[in-house]
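> Here's the feature list from Swiss-Prot:
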type     : residues  : note
ACT_SITE : 566       : active site, protease
COMPBIAS : 434-466   : compositional bias 'Basic and acidic residues'
COMPBIAS : 486-499   : compositional bias 'Basic and acidic residues'
DOMAIN   : 561-631   : domain 'Peptidase A2'
LIPID    : 2         : N-myristoyl glycine
REGION   : 111-218   : region 'Disordered'
REGION   : 345-393   : region 'Interaction with host PIAS4'
REGION   : 430-435   : region 'Interaction with host UBE2I'
REGION   : 434-499   : region 'Disordered'
REGION   : 513-552   : region 'Disordered'
MOTIF    : 111-114   : motif 'PTAP/PSAP motif'
ZN_FING  : 502-519   : zinc finger
ZN_FING  : 1387-1427 : zinc finger
């Protein structure tokens, strides 16, 4: 009845907007014409059943998709977007497609397979080894009606499926479910689980509905198995939430076993599961082990390929799962696969891995036993459940338990009869009875107090014993003295009273003698006492009485020794064993005779004048050490005898080191000095002597093999000579070289490699240390990946619970690793020491410092050596940063025990720690520049003082140093990036360093923030983190916190500047970028732990649905991957942050919808639309064309209607198509000012710029993501400005190059044709100078300013009302602005000079008269920057005044000139010219060096002419060297260096060089000799006797008379000649001096008194500087620069250190302004060589 049939193709064309929307959702684009072509003509040829009218059958669509996606030449890549869109319409149909979509039936197995009868219901499902039996539902549904009720419609296209109907299911016995309701009229078998879920949302749940499970293979309602594949989410979760097979095969095997039991996968599903969860190598290993497990008919593993392939096929089998046999095959396959997983998961036997399983500090014994059993299963072939292995498992359980549990288990009675369960129960008891941390801390405190009490009691006992012993010794001493005094008073030699003949000498009784005295003790006779009672045993110096006055205590070899000052002793004497003795000996003559004694080796002695090395006589028999005349001389001692005794003072009259102490305190002098951080009196040094560098010597890592350093491919040896080294530096590093040679770290060698050795002076001292320059070696050695920990996040592994620390710094760490002999030659260097007999090369046998791979190699070696320590002490935290170790424990006792174990381990391994830098068992330590205390890290005061002590930066380098030092502390400064924003631009190269108020404010704010820096908590990886983020003006700020009770403790303050692209976004999107940036930075500290993000914006919704207009696909993907990782990143509620602390405020802020705000901020003009306006005044079409024609790119732009051209213009050659499109669209908008306009463009670029990108560009400052300016910047700005000119505007995009008769197609073709025609239009040869009559250079667009009208009135022009313009000489007058734009454009094309451009303009015809043409053209040519940099310029500098001496010999000019060919090695001529007289001295030389200059100056000039006052030279190396300048300073000579590349500055000597060379050339031609050295005296004679500017020769000026030219052979003639006497000759010289020298000096001085200003440049002017050495296509001038200082002939400019002659600069702006009223003020600076100039108004 007139109705047309609806087909899928026609349906899609009628709803084409929805089709395009669907395509956009698939990220593709489709065209209607190609859509029809592919559907009706292309796809039917694929022979897959595609109808010409299209179809929504998913099977047919899939077949077409396979054809389209076929790889190689048979594929159709151009059809991919269209078939993808077809598929999307069929899979997710819109309402108008649903009636035509075929219902997707469940996947059934082949119908030929017999279906299984339904199994009877069972109360308990039968057991199976792999999966439970499948049962049919207990109650089946009734057979539904085929036709609906007669009262209803035949079919509801919106709710029902179209015919054909699905087959009905089996009838239910009663037709009702449990609820008694009639089953629904759904006749098909059970639908797919997904349909069931969707239906469940729309329909109420049925009480008796059977639960559907999404298993790959399940039994359907019709008795047939249905297939449902794995979902991608399941595979993703299994993959990411389980360890890899190589890491933990047991866990992954259990997972796969559970999947096989519950999901009943098919063969294909098993392959998909293995491919997802296993790597390729793991999968092959599992399949191989599974095939090995196939058994034959005899029940043993078979090797028959047929049986193996039947049971476990590698290719897809043809099993029918609807048959019992097919299911049995599948069951067998799963069993074999599970066996393969179990066999492949067994690792090779490794008992060390089992031994490495130890019980954790808080791990229960049961959990530890499970881990131990799992290790047995994984790393051994033994089954831990086997009773035969119970003994081994039990012993491992005991030995590897926690130390306290293991010790108690070992002491159990009847241990051998205990079972493993008994041991676990005992261990649980011990574990549960452990003391709590509080109890442990109390016990440790109590033990410490008891220990301290015992120590105090022992000290008191020792003190009492020492006092008692002292009183006893003093009593004996006093008794001896009194007895001696009594005997002296009695006189004589009587020793004792006379005895009777029968009197005992012992008891004084009579009747027996002394030998029979009963009172005399019996026993062996003791040694006879010494005669001197005042001399105590002084071996070792313990308890020795100090020598009598005068005495001095000096340090000898690091130990204090008290000497008796003995001026009679020629040599100083030591009495104690000083160590090794030398082979020298000396004969010592004393009062009782002579004896030979040996000398000691050199000992370092600390004197008042410094350290000296001295050799002593070792005389053990001497009562006291003697300070002889040898050391007294070095000490420069002075001895004064006064009433109180002799006084020994130093050279300055100050007392020397004199020490007076009691005898009982003398032992303190001999104690070994300890580092300041090691507790005084501790036993750490004595208990672990091998662990300290002070007691153990140089270390050697005994477990590390010698290192081999691999070279890069094709590397050759490099040999660099040793730099010159001063004597002081050589003597400073000599002891270090000697020490390393003695220790074997340096050895002599001969190597083709050689690098220089640099002596580096230690700051604040006069000591030197050797540093080798290994940069060239580093370039030739292979790079290795650096594995040194990052100090930024190293402390993240330190939990806050560990608050007792020990810090050790390994000394000479790199020297602990040996170098292989084949690699030792790489690090050779030169060293000469005649005293040691060394003259050649030395090299390192250990890993040297300065080698680029040394930190990484040592860090890895120490990590390997300390691995066992970490395993044995799991409750301790050991952090290592190269050679800095930090040990942390929870209690002081654990820290002490751990420190002892660590020191013992380091000593055994061969490493040495520095005792001076050790911090042992403290609650507050310094590590890596941080202060660790109470689980927090602080900035050290030294770090703060370093930043606070820096002065205000004056240069970019100083500012970079400040920012680098302060940037280390940025974690403590909230908003550091925003705070330092004004400072960073000044650090860029080429930027003028201008320190203003903003920079000073930022500088002070950073310092103030450091003073108030808070304490940051150490990251606790067991707790989640919270990140509070804020953003302000393109700067991201945040604080990372963790919960500490009810408070949030800051962990780090983060801040960063957003990139230019993100900084131009709206605030909500900037917050997304800020969160992404700070989340990445926070990940370095959180180490992958959960992170909760809190911000003032609803960021999660923006990330999930980002606006595509602002974000690129790459950036969107990056943000989503980073922020939508729900396992690691979560978003908290919206909070309002405090700008000072970045923490949330208690009150809630104003809420907003970010998506709404972004929707409002997407465009430039709010009413701009892309739909045609119904009441538009104009409908125009724009197009731009750019194409190549005859090798030249031509371009044009046009604005048209459907039938006529509105505007068309040819654009300059090389214009791109995008730029042409922008110009055309902009022109259309300008012409439609104040009107309603519909404008069509086929340019996506122009359309997107107007609608979307223009606003984005404006916000980001017209910069790209790299911070560079975007292309077509001027055109984009013009377009954005022109958007607001029309009253109403609609910019519509239309496809380009359309065919058809629609209005859009006709208009687009018209615009395209017009643009191409105007671009290809032929123009005359002078087209570049002709002006087109088209807009905008038409009379209608002329706008005359007030100034133009005044100039036209003066010119005599008239105003033409008809033409509405001014007319002069019969031509319309072009306004001044138009003239400037035209001439500037012409100059940019040609860059011709003023005169040539003017000549071309006068020769060519122009329809307009250009107002002020010559003046404008001159201004343009003179201000062109490119011309100023390239064009040559004549010097306008007038001749200056030369400074000359006031008498001969005071002012000389010196220069070297090269004379070729050089005979006998003489190639240079050193020329001296006296500026006063012009006298010349020239000396042939072989080298052009400073040594030659100083030699001739001191040996030739000074003896003959006296010491010069001024020397003038150029900037040659021989004159600017340190040697020449030092000699000049010592002699008091003012050495002036002339301007570079300005030979006129040394004009007098340069002219003399030319004169001498010309004369030598003439003499060589005349004589035929090439020996110019022989002819040089004749050339000098000519130069000295040539008249100068004043008519006098240099000889006459110097000597007052002409030289004698003729000798008269006739004696009579000689008598006639004038022969004045000596007196007369002297009078003549005096007259010459008055008549010649004074007038000459006055003439020179007059020139200086009235100097002519040779150049007009002033301080503050801007000038260009000549580039003397230009490269290819490089400008001739550089700059511009600002003038800082001036002299009459030279300038000093900002950015160039050397003075520049005025002839080498030109003004950047030739208009020299008149002098202003400003004045300059000179201020003194801290640097005596610098001044500060400031300008102020007068």
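Just so it is clear, glycine is given a Cβ too, placed from its N, Cα and C backbone atoms.
On this model, are these features tucked inside or out on the surface, and what's nearby?
Taking Cβ-Cβ distances under 8 Å and a sequence separation of 6 or more, the neighbours of residue 566 (active site, protease) in its chain are 626, 627, 628. Secondary structure at residue 566 (active site, protease), taken from DSSP and collapsed to helix, strand or coil, is coil.
Residues of the same chain lying 6 or more positions beyond the ends of the compositional bias 'Basic and acidic residues' (434-466) and with a Cβ under 8 Å from any Cβ of it are 404, 664, 890-893.
Residue counts of the region 'Interaction with host PIAS4' (345-393) by helix, strand and coil are 27 helix, 0 strand, 22 coil (DSSP-based).
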> For the zinc finger (1387-1427), report the average pLDDT of the model, please.
81
> Helix, strand, coil: count each for the residues of the region 'Interaction with host UBE2I' (430-435), based on DSSP.
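Split by secondary structure, the region 'Interaction with host UBE2I' (430-435) comes out as 3 helix, 0 strand, 3 coil.
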